[in-house]
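Summarising the annotation, TrEMBL assigns domain 'CMP/dCMP-type deaminase' to 2-128. The substrate binding site annotation in TrEMBL covers 43, 44, 45, 46, 47, 48, 49. The annotation Zn(2+) binding site is assigned in TrEMBL to 54, 87, 90. According to TrEMBL, the active site, proton donor annotation covers 56.
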Ligand code: THU
């Protein structure tokens, strides 16, 4: 049984580490692997804007780099009133790295959440 509320709380907490001197828009994420391990992420920007990495990708890349590939849930939170809508690049990465996960999208404090799936977020996504 996945504790989605707790995962959202972790994503909200991860927002505090966001490095966002350019957009000032904080995003946090938390990926849960099947063995119970959790990997948080936040967005990290760069003066060369295109080098910015989103919170979702940081969380998933941290999990993969630690050898955890069976991602069962991914929570994402951002400084918005309604549940955040992940960018297209992250949708592609979520589809490949966490294709079977439940995706929980949250607003800034977990008071508004939405459950979805990678396939719903990116229908007809690119696969090799
Ligand atoms: N951002 C994320 O971290 N995840 C998303 O899904 C959307 C965008 C970040 C990138 C950038 O640091 C800031 O939000 C504004 O685009």
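Just so it is clear, glycine is given a Cβ too, placed from its N, Cα and C backbone atoms.
In this structure, 48 is the one among the binding-site residues 43, 46, 48 with the smallest number of other Cβ atoms inside 10 Å of its Cβ. A separation of roughly 20 Å, to the nearest angstrom, links the Cα atoms of residue 47 (substrate binding site) and residue 90 (Zn(2+) binding site). Each of the binding-site residues 44, 47, 54, 87 was scored by the number of other CB atoms within 10 Å of its CB, and the largest score is that of 54. On the backbone, the CA of residue 87 (Zn(2+) binding site) and the CA of residue 56 (active site, proton donor) stand 10 Å apart. Checking Cα-Cα distances from residue 45 (substrate binding site) against the recorded positions (54, 56, 90) with a 10 Å cut-off leaves 54, in sequence order. With a CB cut-off of under 6 A applied against ligand 1, the binding-site residues 43, 45, 47, 87, 90 are reduced to 43, 45, 87, 90. Within 8 A of the CB centroid of the Zn(2+) site residues 54, 87, 90, the other residues of that chain are 55, 56, 57, 86, 88, 89, 91, 93. Taking the mean position of the Cβ atoms of 43, 44, 45, 46, 47, 48, 49 as the substrate site, the remaining residues of that chain whose Cβ falls within 8 Å of it are 19, 22, 50, 51, 52, 53. Residue 49 (substrate binding site) falls within a helix when secondary structure is assigned with DSSP.
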